[in-house]
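J.: To start, I am sharing the structure in question, which I have written as structure tokens.
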Amino acid sequence: MKTQIEQAREGIITPQMAAVAAEEHVSPEYVCRMVAEGKVVIPWNHVRAPKAVGIGKGLRTKVNASIGTSSDIVDYEAEVRKARAAQESGADTLMELSVGGDLDRVRREVIAAVDLPVGNVPLYQAFCEAARKYGDPNRLDPEMLFDLIERQCADGMAFMAVHCGINLYTIERLRRQGYRYGGLVSKGGVSMVGWMMANGRENPLYEQFDRVVGILKKYDTVLSLGNGLRAGAIHDSSDRAQIQELLINCELAEMGREMGCQMLVEGPGHVPLDEVEGNIQLQKRMSGGAPYYMLGPISTDVAPGFDHITAAIGAAQSSRFGADLICYITPAEHLALPNEEDVRQGVKAARVAAYIGDMNKYPEKGRERDREMSKARRDLDWQRQFELALYPEDARAIRASRTPEDEATCTMCGDFCASRGAGRLFAGDLRGDKV
């Protein structure tokens, strides 16, 4: 069975490409061309057939929500509820990142609970199983890892974050650098680095990259090139280790595309705002325009409890400058395993950020909704305001909780409503359109 990218290169518009085109209000031919060039990916798996979602050039910036158990908290029903909450709140994709309990069970229950494309990180389960079996994760047999990747794809994974870009040279780059204020913050990355150092061997995911691609190609699963050496602090952003891994991942993205696999490149998670544009330009240039998956990014390290906001600020910038997929961050980041409400807040913040970014990335089509909202506010048309809101129910609930005496106004201004005053002063004079 041919993959989306292989069919696109033959000029075949698949049902998934047609569905993406209809959702995005672009032509099927455009989607087909972008998939063929590797500038758009459609997370997919013929075993499960999730909702078709396009990620990449010329399309709306998408939002991913990550859930999963930890070694401290294992509640399968809670993870299913979080998955559903993410979908209800507007997430476009979902990553199941459990490291505690029965990992096959939670993955399968989450996949069954939503129709979104679901992704994961195979290294998590691989090292968990090695630790349980041998008492030491560094005794992981690479064959066990490849078997696990196959098993997870067979369960219906639509995309998979695989840490192929860590190799012995990137580790040496990190060591020569002589500092890392935030250390290593990728669970999969630090586990693979530990395995490589303990065994004195190359990363099997890098060494046998063609084997990884072969497995994912069989299912048409998107290969998302994970960033195990990403910066976990803004003062580590764009350091040599991070850029070295990005360089390798961009090379691998090109190789994977040539082999007929859809490729996604992952970006960093902590980036000061002045470095966002350059980071994205570098990735796009080196990868040949592969879709870029930014993990936030968090734009300051001193606001725990509010990292859904710090990440939303970074995400708006990322979307504006060309990032294609944003991973949400919840208020619980750096503090605790997120609960259902954290998930909802994280998705909503990321969606608002992505919308703001798209307004600037696609100004010709991204601002009409805002113009209509402005007119509805000017005219005190509350029903129209709710219809245009990104989250109508949230807006309705706030207004209903503080009912004004005059239904035309709100309790912020009441009798001193500026919109009503302007309407009386200028009547129909302000209802024209800008030339």
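Numbers here mean position along the shown chain, with the first residue as 1.
Any Cβ shown, glycine's included, is placed from N, Cα and C.
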J.: Taking Swiss-Prot at its word that MET95, TYR124, HIS163, SER186, LYS187, GLY188, ASN227, GLY228, LEU229, ARG230, TYR293 bind substrate, choose the one of GLU258, GLU266, GLU333 listed for that site.
T.: GLU266
J.: Given the binding-site residues MET95, LEU229, CYS410, CYS413, CYS417, which one is most crowded in terms of C-beta atoms within 10 angstroms?
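T.: Going through MET95, LEU229, CYS410, CYS413, CYS417 one by one, the largest Cβ count within 10 Å is at LEU229.
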J.: Can you tell me the CA-to-CA distance separating ASN227 (substrate binding site) and CYS413 ([4Fe-4S] cluster binding site), as a whole number of Å?
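T.: Cα-Cα, rounded: 49 Å.
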J.: List the same-chain residues at least 6 positions away in sequence whose Cβ sits under 8 Å from the Cβ of HIS334 (Zn(2+) binding site), in sequence order, or say none.
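T.: Those within reach of HIS334 (Zn(2+) binding site), by Cβ under 8 Å and sequence separation of 6 or more, are PRO304, ASP307.
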J.: Applying the rule Cβ within 8 Å of the centroid of the Cβ atoms of CYS410, CYS413, CYS417, what extra residues of the same chain belong around the [4Fe-4S] cluster site?
T.: PRO404, THR409, THR411, MET412, GLY414, PHE416, ALA418, SER419, ARG420
